[in-house]
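J.: Relevant sequence annotations retrieved from TrEMBL are reproduced here:
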type	residues	note
BINDING	56, 219	pyruvate binding site
ACT_SITE	147	active site, proton donor/acceptor
ACT_SITE	177	active site, schiff-base intermediate with substrate
């Protein structure tokens, strides 16, 4: 199956934008921006799937109630427009995670994803699998994805070991958002999974390498504003034009490398999205700091030089 195939069979494929959370200057969530945000992603970037309340969405800085309101609005406004809305429900607390999973089922999300707890960390793949099983039991009908991001959680379990036999305890399991650089573990996951599961890569600047390994799609923050270019990268890869695919990947690496040298956290990324999209997503929430105006402008100018109109 082409990774650009539509999600008619509900298999999650293609690009998935990890969405930012709109916040007012007073620090409250701003639901009014979500409708225009969806239109922008679809019309300007050609992105038809979203991953809500994840790392990019500052989920760990939001209350459970705020996350429910955001998920509900995304699902309501995306209905009939987006292919899939995947809601990240992971929290430090199992009970909070289960509550959000149950809520996602109530609002008819297309799937849920769960990050590993990162304060009291699971000590092994078996322990993490048990945690995920308890979460999935709160929403047994929803497609369930494990969100692997060891650089953030500090939980660097072997994902291939985690998912082996996982369908026996989580029948709704449908795949992994793999945000790690271990291509051996990634490849072993892809070679193991059944056809109806998805492995989605989460390091935007390394996507081409993951495509060669056989991933079915990608989830990332930069797809909010470079999605149209990455769609071209994927199309070039699928038609065998590796020169074009590499050219686009190298451009994205140039942009990300430039941003990292200046300091590229969620606050900077969010302000860059404001500048490039024209949307008003507001500032980040503390402890993430608001991006200095000059930094966002410098990255935008770099973007404009790499991707001229």
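Cβ from N, Cα, C; glycine included.
On a predicted model such as this, the values are computed, not experimentally measured, just so you know.
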J.: Take the C-alpha atoms of the residue listed as 'active site, schiff-base intermediate with substrate' and residue 56 (pyruvate binding site) and report the distance between them in angstrom, rounded.
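T.: Cα-Cα, rounded: 14 Å.
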J.: Can you tell me the CA-to-CA distance separating residue 219 (pyruvate binding site) and residue 147 (active site, proton donor/acceptor), as a whole number of Å?
T.: 10
J.: Across all the protein chains here, work out how many other Cβ atoms are within 10 Å of the Cβ of residue 219 (pyruvate binding site).
T.: 29
J.: Round to the nearest Å and give the CA-to-CA distance linking residue 56 (pyruvate binding site) with residue 147 (active site, proton donor/acceptor).
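T.: Cα-Cα distance, residue 56 (pyruvate binding site) to residue 147 (active site, proton donor/acceptor): 13 Å.
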J.: Which ones in the same chain are close to the residue listed as 'active site, proton donor/acceptor', with CB under 8 Å and 6+ residues apart in sequence?
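T.: Correct list: 54, 88, 90, 113, 114, 115, 116, 176, 177, 179.
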